[in-house]
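Asker: Annotations for this protein, taken from Swiss-Prot, read as follows:
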BINDING   D453, D464, E576  Mn(2+) 2 binding site
BINDING   D464, E562, E576  Mn(2+) 1 binding site
Amino acid sequence: MLLPRIPQLSHATRAAYVAAKSPFSPVPVRPFHASAALRAIDMAKVDTTHRLAELRKLMKERNVDIYMVPSEDSHQSEYIAPCDARRAYISGFTGSAGYAVITHEKAALSTDGRYFNQAEKQLDSNWELLKQGIQDVPTIQQWTADQAGGGKVVGVDPSVVTAGDARKLAEKIKKKGGEYKAIDENLVDLVWGSERPARPSEKVIVQPKKYAGKGFEDKIDDLRKELEKKKSLGFVVSMLDEVAWLFNLRGSDIPYNPVFFSYAVVTPTTATLYVDENKLPEDVKEHLGDKITIRPYEAIFGDVTALSKELFEANDKNETQKKFLTSNTASWALNKALGGDDKVEETRSPVGDSKAVKNEVELEGMRQCHIRDGAALSEYFAWLEDQLINKKATLDEVDGADKLEEIRKKHDMFMGLSFDTISSTGANAAVIHYKPEKGECATIDSKAIYLCDSGAQYRDGTTDTTRTLHFTEPTEMERKAYTLVLKGNMALERVKFPKGTTGFALDALARQFLWAEGLDYRHGTGHGVGSFLNVHEGPIGIGTRVQYSEVSLAVGNVVSDEPGYYEDGKFGIRIENMVMVKEVETKHKFGDKPYLGFEHVTMTPYCRNLVDMKLLTEDEKKFINDYHKEVYEKTSKYFDKDALTLEWLKRETAPY
């Protein structure tokens, strides 16, 4: 699953879930994804007149002239729970990216090009749509600052914006003569009232050491060593996947991501987990033992205020200047609770850095889950071809996505999807962030490109694979584009590079063959992936984002390799493999540096029908043949009683 080259606002999520019982834990756990029955988007306008009137009353009572409603939750999560979908509630717009700002006379909603059509359908007459990226249309920050002139107060819930973003916007507003102010109560929550969904309270499960590879005690010890190096008083863990990883726990509070609502505070002598205790079964409490203090989720702000005061007083007596560490994604509210910028040092999260370097157990888990997942994808593609070509079936894009999920569910340790499947036919495949919706999506066309970007959560790893197929006769341009993308995918996978190289530096390798033809794609080439955690994981990645120039790739990183090519209104192509960074042998070691390379773990054939053999070198053909041989050897055992898939797999993996 790709990340856009230009950073987008955080994704919102579906507003409902389906209860289910996981066979892999002793307690009921919801799936990590929205039900297929809930995929349809209601495009009807919501009358927001009353909601806005109530919000403006609250604004007036609190002397707020302008109120900002971002998409994010308190943890800057990519996906959010229904109770945190405040922007969707106040505006009626349910797209995954957007920012709402309300004044006493106006209301504006900013979103990007993926959602212009949806926003126009869903926003009522109370709202002005700011089309992000269109010439002469201001950003929501610029629009807000312009409205703040003349001493107006701009309010925001400080728990849903980062401290860094708050500083930047406060400066813009100040230059216009306004004031940016933290409003501790979330005013949209007050308007929402009793209709607001409850915060999820699903049970937490243990991620055993046989999957995690390392005990949580050792992880906390490693974090304390980092605190000692930085001479820090402690670290506040605010990202949900970081808390889950640090304590070897998983949850199901957020769709697609096996995390739970929580914070953690680690000091040189204490470790406290902030979570609703009723979410912790006895086995989880036994797992944590007496080394971890459990405190209520809501107690975090009061506790860090008291703790920071206590530690800073002791710090003053020692006449040493130490600060609390927070990640650069921590909220403004946490920053304020800890005493503000003078007492807080923002940094790239040391927990996030450690999490991105998988240990040998996690790496082996990634290998194994990708074999099972590859078998599921081959079964799906064989079934789909048979349905379309032999049975002349009529299937829409969601039918395909649902069938793939059904097949994945049969495999060991399946826990849910890792994101909503992108099942796209023809022109829809050219929409980079396409999401099929029942009742709105297209019928799969056997005479057109079919792009499937999908992934799953397993107890031993997280998968994300994209394959592009054609079931009949592709055009010459489709074959050429596919082969150029495939060449770029292979070039990146096969590169050897010195330790210290960044994903920013490697990005061009995947684009080189497209560039030679004057072609390109408008998204990043790769993103980090968690181990039974979030499918998008920082801080590493491959692309032109500034952050990818700041962090070098390291042994144990798992990252996607997914170049593509898209022609609007016609077709789209993307090929995505998951690769792991490993040390490699080279004849020389310039500067005595180790050299690194990639190991592929994705086990799904490329599409023979789309490969233009004339564009491949003999070396590239050998690479594909070796890969296909490995795919067949590792996945064919799943099809002893499935002649259809086995024949398809033999055909697709036959030597060139």
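Each Cβ is built from the backbone N, Cα and C atoms, and glycine gets one as well.
Quick one: how deep are these features, and who are their neighbours?
Answerer: Other Cβ atoms within 10 Å of the Cβ of D453 (Mn(2+) 2 binding site) number 25 in total over all chains.
In the three-state DSSP assignment, the secondary structure recorded for E562 (Mn(2+) 1 binding site) is coil. Neighbour count (other Cβ atoms within 10 Å of the Cβ, all protein chains): 29 for E562 (Mn(2+) 1 binding site).
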Asker: Do you know offhand how many angstrom separate D464 (Mn(2+) 2 binding site) and E562 (Mn(2+) 1 binding site) by C-alpha?
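Answerer: So the alpha carbons of D464 (Mn(2+) 2 binding site) and E562 (Mn(2+) 1 binding site) sit roughly 10 Å from each other.
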Asker: How many Å lie between the Cα of E576 (Mn(2+) 2 binding site) and the Cα of E562 (Mn(2+) 1 binding site)?
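Answerer: About 4 Å separates the two Cα atoms.
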Asker: Do you know offhand how many angstrom separate E562 (Mn(2+) 1 binding site) and D453 (Mn(2+) 2 binding site) by C-alpha?
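Answerer: Taking the Cα atoms only, E562 (Mn(2+) 1 binding site) lies 10 Å from D453 (Mn(2+) 2 binding site).
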